[in-house]
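*Asks:* Quick one: the structure is below, and I'll ask about it shortly.
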Amino acid sequence: MKLRSIRDAEVRNKRVIVRVDFNVPLDAEGNVVDDFRIRAALPTIEYLVENGAKVILISHLGRPKGKRDKKYSLVGVAKRLAELLHKEILFAPDVVGEEVELAVNGLRSGDILLCENVRFHEEEEKNDAEFAKNIASLGEIFVNDAFSASHRAHATVEGITKFLPSYAGFLMEKEVNYLSMLTENPQRPYYLVLGGAKVSDKVALLQNLLPKVDGMVIGGAMVFTFWKAQGKEIGKSIVEDDLVGFAKELLEQATTQNKEIVLAKDFVVADENKEHVEIKAISDFGPADIGYDIGPESIKEFKNALVKARTVFWNGPLGLFEDAKFAEGTKQVGAFLADFPGTVVVGGGDTANAVREMELFEKFAHVSTGGGASLEFLEGKVLPGIAPLVVEG
């Protein structure tokens, strides 16, 4: 998939609208707690500034439901962006109207203007054409660098592309290049590492990627649905009964297609209060047991399977990572993948958070900024924010 790149646009002295995803956590004072997504957009912003563009940044934050709400303001984001760029960031209190028009008209080459939260207008999520046209009138070129919002057909993601020449920013290009590699031309052997609580989040992903991979290792609470499909006692562990049939079918397809599937088979088990912690094999589970993390045997088996791989896509923590008692599986497999000689791509918000917490971020080829967007891309869907950027032929 080839996208029209920002490199192909003549940006000098042009008003360039950049859709970024600055949907970051804030503290009670409105200060940025985690600037991962802001940092990810810096290469595009810096390129535009260096090349003399007048940069107009547009983002959403949270879900203010189409109403102005101070706790979802981007003022704190502007402050953090100024610190990261060592540069003044101008701030407009809206994305449409006289104030933002005056601010845009006053921009000089190399200036950066961040507009207030676009989701303060309900027209954004409705993909309202008139609203998109109004915002488009502020600029001469549109750049989408918000991969993580590109599975939404919103006014500043998809609608705006009908009114301006549209290009991909560097983050968008990087995301699409790495994720396309996973579906089109991975180095083999190619393995998935899957965790998290729900199979339901990954049904389409599994259906699309099973024929493309050489194997997968499955941990997290989702593995209990696979064990139930094989008739095992899983105690009170999380299970999706309506997907037991799907899990059974997937395991059968994997066998037919000669794919290696490694299910976590021992667990860090506790009761509902997360007390009385012990290690148990799946075959020893009692009716009250709950598995909260993969056990040492599973960690060893996962490593033995993954050591063969050249490409790995990891989506989902392997245990209840936010509780230190149940973080060992994610930590050990994460550390193993961080030292892995092949290409590892990490996708999903919880997995990215775990990788950052373990301070392994820089060790991976790519940590995707997109949770839902990266999964939908890997499911084979054409994302509404990306389709207008694709070079035909």
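Placed from the backbone N, Cα and C atoms, the Cβ positions cover glycine too.
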*Asks:* Among R12, R37, R108, which residue shares the substrate site with D21, F22, N23, H60, L61, G62, R63, R119, R152 according to Swiss-Prot?
*Replies:* R37
*Asks:* With H, G and I counted as helix, E and B as strand and the rest as coil, say where DSSP puts R119 (substrate binding site).
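*Replies:* Looking at the DSSP assignment, R119 (substrate binding site) belongs to a helix.
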*Asks:* Which of the listed binding-site residues (N23, T351) has the least company, meaning the fewest other Cβ atoms within 10 Å of its Cβ?
*Replies:* N23
*Asks:* Using CB atoms and a 10 A radius, I'd like the single residue among the binding-site residues G62, G291, G348, G349 with the highest neighbour count.
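*Replies:* The most densely surrounded of these binding-site residues is G291.
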*Asks:* What three-state class does DSSP give K202 (ATP binding site)?
*Replies:* helix
